[in-house]
Amino acid sequence: MADLVLQNLTIKYGAVTAVDNLNIHVASGEFLTLLGPSGCGKSTSLFAVAGLNHATSGTISVGDRVLFDGNPNNTVPPEKRNIGLVFQSYALWPHKTVAENLAFPLTLRKIGRAERDERIKEALGLVEMLPYADRYPFELSGGQQQRVALARALVYRPPLLLLDEPLSNLDAKLRERARVWLRELQERLNVTTIYVTHDQAEALAVSDRIAVMSMGRMRQLGTPREIYERPADSFVADFIGSSNFFDGTMVESGTDSARIRLADGGEIVTPPGPTGKDGSVVVAIRPEKIELTGSTGPNTMRVSIEQRTYLGSVWQYAVRSGPIEFRIQTPSELKEDSILVRIPQEHCAVFPDKPGAN
Amino acid sequence: MTDISHPGTAGRGIDRSRAIYWGVAALTTILVFGPITPIIFQAFLDKPLYDNTAVLTLGNFGRLFSEPGMAGIFFNTLYFGALTMVVAQVFGAVMAVLVGRTNLPGRKWLGEIFIWPLFVSNLVIAFGWFTMYGPSGFMTLAAKTYLGGAPWNLYTVTGMGIVAGLSQAPLTYLMCLAAVTKADPLLEDAARSTGAGPFRALFSVTIPMIRPAIIYSAVLNFVVGIEMLAIPLLFGGPSGIQTVTTFLYNAGINAAVRPEYGIVGAAAVILLVVVAFLVWLQGFLMKGAGRFVTVRGKASRPSTLDLGAWRWPAFLFVFAFAFLTIISIFGGIFMRSAVSFLTPLIPFWKVLTTANFEQVLGSATYVRSIVNSVLVATIGAAIGTFFILVIALVARRSDFKHSRALEYIALFPRALPGIIAGLGFFYAVIWLPGADVIRGTIAVLILAFMIRYIPVGFGAIAPALAQVGEELDRGARISGADWWTTMTRIIVPILKPALFSCYALLFIHFFKEYVTAAFLYQPGSEIIGTTMLQLVAQGDNGPVSALATIQVVITAAFVLLARRVMGARIYG
């Protein structure tokens, strides 16, 4: 197994910068997810690692082998990179059976028939598709095709596995089961894995670390918990889960806490954070972290309920305090029109601007 | 798991794939420009190409335009082309709508009949028209006898234009048919729901959407008209009417006795420029066609329009068209081949004979031309399919940096009239050192036909290639296959049906070709088309009709076989 190191990776198409100065060190055996909205450059980066599109500058190396360093003469073509790749559409070759699909990369590596059959059996066994070896791809369901695609990417035992939204064509239930299974398999094989998805729940569930990307740039790199609980900026706070954003102005900033005046005139205490040029800030707080409370005190607010939405597992309310509108979630239904809520200091984050402003 | 590292690392240098890219690009460029270059040179040289004392001059163009009758020749050509286009468009589009979208009785078999003419050369068609509607043709005599007069005269430019137009209508029909039947019926349903009647919906929604097909085929038919040899040669020859193609043909054939290299070169260059402009115009006019694209992934059945009381009058009209311009033409050729003298005045069975076929089969030259035609079509189509396949793969599926340029060059022969391709190859084999070895062999015919029909084959392969997702290539590359292995092991097997179609189309085109071969064949390398051309000139109509019949029968057998056995898609 091997580390994957991306240094200053930049990919430009004409005047458009698809990926801007990406630096990631993926440790051997790690499961790293590139997460972001469509067009953020995550798949572009993945395919650059595979050698299927051309990076502009920077370096890509796996273990001690440099795959790309900006010099076209040193660029390793995709077929010599020895990387496993699973496509969103699976890309199973329709004229080959499942076993033939798996045999192709082994034949190219000049592996003898006996060993080849052994490896095909082993790989199909791993994905529980052994009984389907002689089927053609069109005879398989989407979930089965996805497993075969994975087996094909693993059969030649690459040190690095790349997955481009492999679960996005499965239905919701199957997707949840498949991601658990995928993670177990990856742990068992201990193969360094880069996973691309736009589904944050999926990313949180499977990853060792997540790199959140937007507009070609990496916004934050961290464990799922860090990403969710300590978002680095308002984009991450908004994209992972969902957040309320309160406009405010910094009144006092200390080492452990800050006091911020909100638009309704009230003040709340938050962790410290960077301010905008004119001292303005936004405070991010997730709807499910806002608590109902019986008594007034610091960080409490009286709000009126404007809209009620039943979401199944929770109730969501649009509430208002003066000019401030935000959402809260409760496990049970609230009958009142006006309630008292508390914004816990430890769950707040302070950013200089709103998502999309930068 | 252990790592199976690949031996060797980087290295862009000259790998196998890059060698193929450059090899194909070089070969295509040489083959496409090889025949054009000497023509252009010749147009600007005062002496024959091979004469070392020749100097550059513009005099040829001056001589060409001062030649008496030259203005008339250019006028005839343009008028003939325009008339061909108009007649073909009107009949072709009407037939396509009637067959494609109405409940016309017999629309299925009528639709089949409409595409017959596409399988045979316009030399055969022209001969059929001559046999039936010529001055002493079967229909002409019948009309004179039973109706008291035949109001047509094919031996005028207008007559020729109408014949050419009627015989080109199937091409328009085919292109418009695809457009009317693939139009999304939901769009018409939408018009119906806003209050349009069924006829109104057809005329306001569907007919405008076949506009790209009409424009495209209009330009195509205009080009076919101005580069057509057979009809002007057969009908214009006797009455002294010339077009640019017959001028080139006569001047080229008679080059040995009356050297007119310069003028021929100049006329050829002018024809080439005009056709190239028209092909460019076609592309230009099609630019905004995107807004007409109605074909969506989902296959849907077009609804048919109920003609009501007009069903049978419409049937009569369509059947009359099919009978008079297609069935009678083929019938005339077959009948003529089986009799000593074709006339409505003597009962058929009294003049039955096998002499025509005996004459053809008894002559070593004629038999050789049949064998050569089959060889050229069978072998040539195979080589052509392979060559075009590699061009398409490099142009559409590689990281070759000049892939777009390669496609442009490969498709340039669309603008290369057959007579010019023939003339160009004729010059090139004399001019290029070493090319002389293939002079007068069927190899040069195969080469010339192949160049001329690259666009036809490309048109059969490229759409199928576009259907194959790029991830299949990418999957193979990342699995460890280089570009060439990816193509041969993954893409080509998936393309198999399209390759069969390409082969079948090339076979049919090679088998019916005659214009390109007119300057290139020599005793020993005759093909059916050139032999017919020679016999027509001598007025030997019996053997011509026998040869034409043999050509039609072989073609029909091949089409049946290709459709049944290979599952090839030929014209729908």
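Every residue gets a Cβ built from N, Cα and C, even glycine.
Feature annotations, courtesy of TrEMBL:
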type     : residues  : note
TRANSMEM : B:20-41   : transmembrane segment
DOMAIN   : B:74-282  : domain 'ABC transmembrane type-1'
TRANSMEM : B:78-101  : transmembrane segment
TRANSMEM : B:113-132 : transmembrane segment
TRANSMEM : B:152-180 : transmembrane segment
TRANSMEM : B:261-281 : transmembrane segment
TRANSMEM : B:312-335 : transmembrane segment
DOMAIN   : B:370-562 : domain 'ABC transmembrane type-1'
TRANSMEM : B:373-394 : transmembrane segment
TRANSMEM : B:406-430 : transmembrane segment
TRANSMEM : B:442-469 : transmembrane segment
TRANSMEM : B:490-511 : transmembrane segment
TRANSMEM : B:542-562 : transmembrane segment
Quiz prompt | CB contact flag for the transmembrane segment (B:152-180) and the transmembrane segment (B:312-335), at least three pairs under 8 A | solution = yes
Quiz item: If you count Cβ pairs under 8 Å, which stretch among B:20-41, B:113-132, B:312-335 touches the transmembrane segment (B:373-394) the most?
Solution: B:20-41
Quiz item: Where, among B:20-41, B:261-281, B:312-335, do we find the most CB pairs under 8 A to the transmembrane segment (B:78-101)?
Solution: B:312-335
Quiz item: For the transmembrane segment (B:20-41) and the transmembrane segment (B:312-335), does the number of C-beta pairs under 8 Å, pairs 6 or more apart in sequence, reach 3 or more?
Solution: no
Quiz item: Who are the chain neighbours of the transmembrane segment (B:113-132) in space, where the CB to CB distance is under 8 Å and they lie at least 6 residues beyond its ends?
Solution: 95, 99, 138-140, 154, 163-164, 167, 169-171, 173-174, 228-231, 233-235, 322, 326-330, 332-333, 336, 342, 508, 512-514, 529, 532-533, 536, 541, 544-545, 548, 551-552, 555-556, 559, 571-572
Quiz item: In the same chain, who gets a Cβ under 8 Å from the transmembrane segment (B:312-335) while lying at least 6 residues past its ends?
Solution: 91, 95, 98-99, 102, 104-106, 110, 113-114, 116-117, 124-125, 127-129, 131-132, 137-139, 166-167, 169-170, 342, 348, 545, 548-549, 552
